[in-house]
Amino acid sequence: MAVTFDISPEKEAGVLRLFHSQLFVTPPPLTRRDVDLSGKTAIVTGANGGLGLETAHQLLDLGCKVILAVRRVERGEAARQKLLEGRDAQATEIEVWPLDLSSYESVVGFAERAKTLSRLDIAILNAGLYKVNQTMTASTGYEESIHVNYLANALLITLLAPIFKNKKTGNTPGRIVLVSSDLAAWAKFKERKSNPILPTFKQKMTPKWDYLERYGTSKVLGQFFVTELAKRVSPDAVLVTTTNCGLCHGSELSREGQGHLIGYVFNVVSRLFGRSCSVGARVFVHAAANPVLGASVHGQYVEDAKLKPMSPLIYKPGDLQLGSKLWEETMDELSFAGAREIIDSLTK
């Protein structure tokens, strides 16, 4: 579906646009007058605090059953109790499922469990991290933010997509929402010039570790993946989109920076210019459930409750084959799970 934007990718990536959005734009909440999610089921990853917890809260307000996907079950249970406050416990459906994105095995196990659901309508993939220090994932050798933010989420999307198709009720497809970031638009992504690309993320970053650049790169990889996936998967099967809530104070993302200067700076800046998690989560819910956006979200990017351009790299003429190249490398990486065969079964 061709989409016309009210701003160019370059202007969308600009600092002035960012500050205008942060200071002067407040995405409206969705209410049951807009959409009633009664009887529907949603998965929210990274749901034990911050944006994930608030997203779960808003979905519950719309009548949805919510599955909290968390790395530590005890924290998920604490979040569940918090969400139940002021609600009828008998009428509120909240489940806690373990999910550790640092482990492909955990992702596969989570998806297997999702097959047992009677229906699945929404998945908001909010879990992610940034690393102040460079660390590698022991099981795969990839730098941790690339493994968690990109590869594990790409695996989860791939495994969930056929479940959405099989659990589809009526004529309205479900939606998978991958959370992105403003930093995706600023990433230089110099690794794209390598051949192949993904193995470079198993090497030490040179000349020095740049956590903001690497975090942004992990997010732009996700944008490429969603763009390529939407070319191959029919919107009648499942809608796949990406979204960004902007800078939010109280986000769990800041936990890695605690005890470091960057953590202090992040907290100060987010307090000065950031939205509350309550406002930020509204964007996720719009991407996942706004009926006005509908099928137009497929393969697109939702910001401030509207469709906006992704990173300029997605549209750069010299990089038009980059998405296809990344796709093939990612399918190779996830071949152990039959990724290509799964996507082929969903091909338009």
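Placed from the backbone N, Cα and C atoms, the Cβ positions cover glycine too.
The feature NADP(+) binding site is assigned by Swiss-Prot to L51, R75, D100, N126, Y215, K219, with similarity to another entry given as support. Residues or ranges marked as active site, proton donor in Swiss-Prot (evidence: similarity to another entry): S180, Y215. Residues or ranges marked as active site, lowers pKa of active site Tyr by Swiss-Prot: K219.
Overlay of Swiss-Prot annotations on the structure.
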| residue | record | contacts (Cβ under 8 Å, 6+ apart) |
| --- | --- | --- |
| R75 | NADP(+) binding site | N48, G49 |
| D100 | NADP(+) binding site | R71, S106 |
| N126 | NADP(+) binding site | V44, T45, G46, A47, L51, G52, T55, V179, F284 |
| S180 | active site, proton donor | K219, G222, Q223, T242, T243, N244, Y301, M310 |
| Y215 | NADP(+) binding site | Y130, K131, S145, N149, S181, L183 |
Residues L51, R75, D100, N126, Y215, K219 [recorded NADP(+) binders]: greatest CA to CA distance in Å | 26
Return one of helix, strand or coil for S180 (active site, proton donor), based on DSSP.
-> coil
